[in-house]
Amino acid sequence: MNKIIAANQTLTSEAVSEGHPDKIADQISDAILDEILKEDKNAKVACEVIIAQNLVVIAGEINSPVKKNIDIKEVAKNIIKDIGYTNIDYGLDYKTITVIDAIGNQSRDIINAIEKKGSNALGAGDQGIIFGYACDETKNFLPAPYELANSILKKASNLRKSGAIKWLRPDSKSQVTIEYDKNRNPVKIKNIIVSHQHHPNISQKLIQQTIIEEIIKPTVQDKSMLDENTAYCINPSGNFVIGGPTGDTGLTGRKIIADSYGGFARHGGGAYSGKDATKVDRSAAYMARYIAKNMVAAGISKEFELQLAYAIGIENPISIQITGGINDPKYANKILNFIVNNFDLTPNGIIEKLKLKQPIYLKTCTYGHFGKNEFEWEKLDFVKKIQTALKK
């Protein structure tokens with residue numbers, strides 16, 4: 001990676017709210033996963049959702065005896081209600097939706113590959129390329145445009161749900177462009193885009209004024225990054241009344257960049273939501289983030305990107321590589337040796353370290369999977385050990 005950034009170069013990230021159709025699908029997938037894990041911590045789950053108009057189709061594979069105990073249709077309805085889709089005029093109504101349950105059983109071939117007979121070891125649930133990333137741009141070790149894009153939508157969601165801004169509806173997106181100096185420090189916010197669903201009888205002028213003054217500006221912590229040249233694009237398409245799945249079909253796993261690092265890091269292509277922790281697309285991505293965050297917090301580099309690669313049925317990664325943040329090959333090899341010798345990167349090791357058999361996943365899947373400090377992969381408990389072994 002090692003991005004070369006010239007003075008006055010801009011970088012951009014986007015985010016989506018919990019009411020975006022793809023995020024509705026992610027939340028239903030992860031809510032079902034959580035309900036299964038509450039009764040069976042060893043369940044194998046791959047849950048996919050498509051949502052269009054007033055129809056929700058839940059598919060995928062679940063291997064667990066408790067599957068029959070879960071009212072999957074009720075789980076989906078409760079998620080939609082909690083998001084705020086309580087009226088068909090909003091684009092979806094939990095009271096009238098049709099839910100189709102098309103979940104099957106996990107392939108016996110895959111089960112046999114993951115679970116080794118006569119052993120407690122777990123093989124990887126699939127092949128995959130996984131990246132973890134961190135940088136020093138924010139206190140959460142995330143890219144500044146990405147964190148701000150998410151923070152704006154979280155603020156809007158809070159104001160909508162509290163009733164402070166009654167004409168906001170659930171569906172929304174944001175995009176933030178920030179200017180960087182030659183030392184790769186964010187210095188100015190160049191552009192902020194917010195597209196937010198709204199009640200039909202609200203003027204565009206009021207929408208623009210409210211979103212800028214009551215949502216965006218209070219969210220920007222460093223006011224010096226805003227100036228007279230900052231451009232605000234609020235609902236640039238005009239009316240945004242038709243939203244939710246009436247306006248756009250939603251699908252689990254379609255917001256993988258918004259889920260991770262907002263385009264600042266590579267992505268192997270595997271989505272997170274709806275997958276139990278034997279799926280390394282998810283669990284190894286969390287572990288790679290944990291390692292990268294501790295490396296940056298330890299002062300090893302301003303940014304750090306780690307690639308892991310797995311083969312189905314095999315415990316250990318088949319490849320580990322530092323793909324960003326370290327320019328010295330000898331130092332990179334030293335760091336790699338440290339990673340191999342100090343972090344258990346098998347599925348079992350990751351699951352145990354990050355406590356991934358708990359029903360935590362619904363909380364992960366909105367406004368990014370990273371930067372939420374209640375989760376194990378965000379802890380900075382390896383910093384001192386890294387500094388002792390690796391600090392130049």
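Glycine is treated like the rest: Cβ placed from N, Cα and C.
With HIS20, ASP171, SER172, LYS173, ARG254, LYS255, ALA271, LYS275 listed by Swiss-Prot as binding ATP, the candidate from ASP181, ASP248 annotated for that site turns out to be ASP248. Checked against Swiss-Prot, the range among 106-116, 216-226, 227-237, 260-270 recorded as region 'Flexible loop' is 106-116.
When Cβ atoms from all protein chains are considered, those within 10 Å of LYS255 (ATP binding site) total 25, not counting its own. The closest partner of LYS279 (L-methionine binding site) among the binding-site residues, by CA position, is GLU48; the full candidate set was GLU48, SER172, LYS255. Of the recorded residues, ASP22 (Mg(2+) binding site) and SER172 (ATP binding site) place their C-alpha atoms 11 Å from one another. Just so you know, the Cβ of LYS279 (L-methionine binding site) picks up 24 other Cβ atoms within 10 Å once every protein chain is counted. ASP248 (ATP binding site) and GLU48 (K(+) binding site) have their C-alpha atoms 17 Å apart, to the nearest angstrom.
In the three-state DSSP assignment, the secondary structure recorded for ASP22 (Mg(2+) binding site) is helix.
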